[in-house]
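Shown next, in structure tokens, is the structure this report addresses.
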Amino acid sequence: MFISFEGIDASGKSTVMDLFAKYLKIKFPEKDIVTTFEPGGKNLKEALLIREFLLSKNNQISPYVEMLLFATARRIHLERLIWPALKAGKIVLCDRYIDSSIAYQGFGNGLDIDLVTSLNSLISENTFPDLTIFLDIKISKSFERMGIFRDHNRDRLENKGVEFYERVINGYEFLTKKNKNFFKIDGNGTYDEVLDLIIDFFEKYYASWPK
């Protein structure tokens, strides 16, 4: 089982995903639960170096180069972590995946959507999540969280303006309509409230999966 979590910056993806992993461990005690993130991936030196370069405020790179670097890090992530874990029958939870590239590089940066989609289909060998959970929060709440928790330490992508994030959200709304496995959850509540919404949704969704 492969589940990805999506949303704009400071939407609570990382925190809620970790809480959801604890729930899955109780629901599927016989399964190993792997949590990871993009860009980068846990303990993947090469991909983490790309992450550091991408997020550094000191680097000025074009949207096209940004897209290629994200794709490169994703391929490393797949080869070294995601594919082996799935092959071993583990449950993989990933904070961001291909949909982030479509929303951020495609809609946010204005690159051709078909180009971004085709590139990522190629490098992933059409490996897509069984389920994607999009945490939908207000931009004002995202900015409030970034201001409280990160202050002047925001990375290059987090320093984008409101109009950029409006385009990114439009991208996620597009994916909600386009992908039958892509679902929107209201992320404006507390982490526990959002987790309850996800668990309630997952229980109903999983019950309909072919066994």
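Cβ atoms here come from the backbone N, Cα and C positions, even for glycine.
Here is what Swiss-Prot says about this protein:
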type: BINDING; residues: Gly7, Ile8, Asp9, Ala10, Ser11, Gly12, Lys13, Ser14; note: ATP binding site
Using Cβ-Cβ distances, find the residues under 8 Å from Ser11 (ATP binding site) that belong to the same chain and are at least 6 apart in sequence, listing them in sequence order.
Leu135, Asp136, Ile137, Ser142, Gly187
In the same chain, which residues outside the set Gly7, Ile8, Asp9, Ala10, Ser11, Gly12, Lys13, Ser14 have their CB within 8 A of the centroid of the CB atoms that define the ATP site?
Leu135, Ile137, Ser142, Arg145, Gly187
When DSSP states are folded down to helix, strand and coil, where does Asp9 (ATP binding site) land?
coil
Of all the binding-site residues given, Gly12, Ser14, which residue's CB has the most CB neighbours within 10 A?
Gly12
Which residues of the same chain, at least 6 positions away in sequence, have a Cβ lying under 8 Å from the Cβ of Gly7 (ATP binding site)?
Lys13, Phe134, Leu135, Asp136, Ile137, Tyr172, Gly187
Below 8 Å Cβ to Cβ and six or more residues apart, same chain only. Which residues does that give for Ile8 (ATP binding site)?
Ile137, Ile139, Ser142, Tyr165, Val168, Ile169, Tyr172
